[in-house]
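Here the structure is laid out as structure tokens; the discussion comes afterwards.
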Amino acid sequence: MIKLNFKFLDLSFKSFHQCIHVRTMHFHFANSSQSKIDSNRVLNGLSKSGRINEARKLFDKMPERDEFTWNTLIAAYATSGKLTEAIQLFKETPIKSSVTWNLLISGYCLHGMETEAFYLFSRMQFEGQRPNQYTMGTILRLCSTLGLLQRGKQVHGNVIKTQFESNDYVVTGLVDMYAKCNCILEAEYLFIMMPNKRNHVMWTAMVAGYSQNGEAFKAIECYRDMVVEGVASNQFTFPSVLTACAMVQARNFGAQVHSFIVRSGFEANVFVQSALIDMYAKCRDLDSALIVLENMEVDDVVSWNSMLVGCVRQGCEEEALSLFRKMHARDMKLGNFTYPSVLNCFASTKDMNNAMSVHCLIIKTGFEASKLVNNALVDMYAKQGNMDCAFQVFNHMPNKDVVSWTSLVTGCARNNHHEEALKLFCDMRLAGIHPDHVVLASALSACAELTVLELGQQVHANFVKSGLQSSTSVDNSLVTMYAKCGCIDDASRVFDYMQIRDAVTWTALIVGYARNGKGKDSVRFYDQMIASGTKPDYITFIGLLFACSHAGLLERGRLYFASMEKEYGIKPGPEHYACMIDLLGRSGKLVEAEMLLNEMDVEPDATVWKAILAACRVQGNLELGERAAKNLFELESKNAVPYIMLSNMYSAAGKWEDAARIRRTMKWKGISKEPGCSWIEVNSRVHTFMSEDRGHSRTTEIYSKIDEIMVLIKEAGYEPDISFALHNMDKEGKELGLAYHSEKLAVAFGLLSLPRGAPIRIFKNLRVCGDCHTAMKYISKVFHRHIILRDSNCFHHLKEGQCSCGDYW
């Protein structure tokens, strides 16, 4: 009989149950572990596809969550911009590793939240988490994007402390940050200090940095070194080096890069193609640019815009308009860069109908509120001379910047609306808009045309106070303004302080001295201009020959006129012939002047015939004077001056019937002489006078001063020249009429209003008459005043009885 060992069986039974329990536990653990992995996989998929709400629901249902689970959802929230949810989840997570911190910091960096990102970066280190290379790279990328140089320098210090200064990933971030913050030397230093750890990303960052900082040749050289080192270029490298090629017109090197692009297999990349089109267009190779554009598989609006801009820059307006029509037909997205380019075409072609059609399209496509587009519309209408439309667009703009104001001010100045230009400039300053170089130059040009010296001086002071860097365009406008206002010494002072002088600068001073009766100084500055290596232009010779004419420099004038085409390839125009004829006429060489007239290579215009007529009046050559006057009657049929000059010549020759006939012709044709008008600026206010004007608030004082002036200058030897008076009056009436000419009324007001010793500046719309000119000389002597009179011909600087003009009447 078998005896059973129940104790053993009991033990075995317990062991069996324990075994079963362990196996069950292992089974459940294996299932749980697999379930968590599967859940994490699903969670990751939902997060990456943007289905964050579903991801959250799954997260909330998960019985067990590991570090990956928490980090996945934090990353999803941070990337999508739901940073409040991300930070809340971050606070709840039981494990905050460096990865967790990096994910949150990356989210804030991605959305440009500088303060929060740097707070987290500091907090991370405070809580004992050491930033890794990815943390540094992320925070440096934020500094690069926002241009945070000081923050970037702080991170650089942290990089050194944490010994990441040799990490290629971190150094690449530093190179990119310094380059984008315009510290290219620092970027270059870091790049040089990593000779053995330069990957394609670092090389690309350096090439891009040089290109972005205007160091085109260095960018090209860096790219060349990169190729020599055998480092592969990519879709980010090629656009940077192509941009550099465009900057310096390196078309041939750009074409070599193009070949390398094809060999590297990037010829179909949209970004690379766009950069190629831009490079070829800026290098004036529109054919190659068009080939690249036509081979593109995708209609990329950036590429088409580059092509459009290239056509506009080269003056190919028709081609540009054709491209625009194709863009519209292909239903491409026209926008802030397309419309300004095509509007620039209309500014050149003066095609108002199509311009207005594009304006309608702008409204239809919802770009009527775009500042860029509106600025282009104002500029386009202003350049077409349609100031009403320019003002309408400007007045309806919700936000105006300095470009908006500049376009309108410049447009007014260009279209001879000088008073409106200055009023706008003042309104711009009242609106708190700080002027730029362009609008300052336009305002100064308007001041020059209106000869408002005090306002011009205020604009000059505004420029100095603004802290803007010296600008050749503004300095040239200052020289011109002071010269046209009769302040030639001030113009010369501005010229002396200029660091860069171009042909316009020298010409402005040469013309200024000539107009102010200092022809010999004009010649002296011309010699200095040639010695400086600056080539004279068409306008320079007009000023130079004008100077020779008024200074009586006959031989010099002949020499300069001959040198125009012989030495500088400048074909003389009507203005140059007019100056030479005037010079010969003043020198008594009327026969030679007539020979020059007959030998002209260009058709004589009104300027030439006026010079001939003026010379004939002085020399008494009635026959040639009649020829000149008849040509002027045809060229300027409504201009009274040639009629009056010919009538006076007939009167001087005793041909009274012919003189009367000319005046009857004027009456029959309805031609009347433009009334003489003189003005003077006192305390920033312009006072205007007509002949025998009694509309001024101080008329009684002015006429009383005139009587005093007449008595004093007659005592000094002045005798009225009644040949300049009306013919239907007696001698006493003629003398009174002469006494009340507009320029005499203006000088009387100046003597009453300006401090003793201050120069009296008078401006006249017509040429000053001979009698007034003589009277001014005596007034300057008797009252010991410097009188500066600018008429339609030139400046007359009158001091102690002498005039700068040489008294050619």
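Any Cβ shown, glycine's included, is placed from N, Cα and C.
Remote same-chain partners of the repeat 'PPR' (35-65), defined as residues 6 or more beyond its termini with a Cβ less than 8 Å from a stretch Cβ, comprise 72-73, 75-77, 80, 82. Among the features that TrEMBL reports, repeat 'PPR' is placed at 35-65 (among others).
The repeat 'PPR' annotation in TrEMBL covers 66-96 (among others). Remote same-chain partners of the repeat 'PPR' (66-96), defined as residues 6 or more beyond its termini with a Cβ less than 8 Å from a stretch Cβ, comprise 36, 39-40, 43-44, 47-48, 50, 52, 55-56, 59, 103-104, 106-108, 110-111, 113, 116, 127, 129.
Mean predicted confidence for the repeat 'PPR' (97-131): the pLDDT average there is 82. Per TrEMBL, the feature repeat 'PPR' maps to 97-131 (among others).
The annotation repeat 'PPR' is assigned in TrEMBL to 199-233 (among others).
The repeat 'PPR' annotation in TrEMBL covers 300-334 (among others). Away from its own ends, the repeat 'PPR' (300-334) comes close to residues 270, 273-274, 277-278, 280-282, 284, 286, 289-290, 292-293, 341-342, 344-345, 348-349, 354, 358, 361, 365, 367 of its chain (Cβ-Cβ under 8 Å, at least six residues beyond either end).
Sequence-distant neighbours of the repeat 'PPR' (401-435) (same chain, 6+ residues past either end, Cβ-Cβ under 8 Å): 371, 374-375, 378-379, 381-383, 385, 387, 390-391, 394, 442-443, 445-447, 449-450, 452, 455, 459, 462-463, 466. For 401-435 (among others), the entry in TrEMBL reads repeat 'PPR'.
The repeat 'PPR' feature in TrEMBL is assigned to 502-536 (among others).
The repeat 'PPR' annotation in TrEMBL covers 639-673 (among others).
Summarising the annotation, TrEMBL assigns domain 'DYW' to 717-809.
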DSSP-assigned states of the repeat 'PPR' (401-435) in counts, ordered helix, strand, coil: 26 helix, 0 strand, 9 coil
Structural state census, the repeat 'PPR' (502-536) (DSSP three-state): 26 helix, 0 strand, 9 coil
Tally of DSSP helical, extended and coil residues in the repeat 'PPR' (97-131): 26 helix, 0 strand, 9 coil
